[in-house]
């Protein structure tokens, strides 16, 4: 029925949350974007194609899982330089990167040495890319409505209007 909305169960929605502050997210954003690029783009493609977040729960869980694993690796290998970096960002008035370049360099060096991750260049993560996915195409990717039936043929002779055109300013 079109009026009934099926909601996912609480078990479908249950995932471990990424409990970090905005400063931590901002400090980790460049490396997170590079490491979790594929699950994030798969999720955004699903959201764009399906136009219904309920159909993208599995992709959302993969994004969450990738973020959790990313922060676990940072905590395991580079906790101290990362803490210094995000604390500096947190205490700089507007969460600006430019005031924390020294801590950023230490964090980037640690991540490169211990995890082999290179900080992406400016603009690398915002480039338009094609996403290869295993998901099937949605049935109606453009969410277009069914075409209406064409107008029926007019039967009989059509006579011109008795008083001319209805557009009075053309008939003056």
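Sequential numbering from 1, following the chain as shown.
Cβ coordinates come from backbone N, Cα and C, glycine included.
Matching 67-77, 78-88, 89-99, 111-121 against Swiss-Prot, the residues noted as motif 'Cx9C motif 3' span 78-88.
As annotated in Swiss-Prot, motif 'Cx9C motif 4' covers the listed stretch 100-110 rather than the other ranges in 23-33, 100-110, 122-132. Residue 88 (disulfide bond) sits 16 Å from residue 78 (disulfide bond), taking the CA atoms of both as reference points. The shortest Cα-Cα distance from residue 110 (disulfide bond) to any of the disulfide-bonded residues (46, 56, 66, 100) is found for 100.
The stretches the motif 'Cx9C motif 3' (78-88) and the motif 'Cx9C motif 4' (100-110) are in mutual contact, each linked to the other by at least three Cβ pairs under 8 Å (pairs 6 or more apart in sequence).
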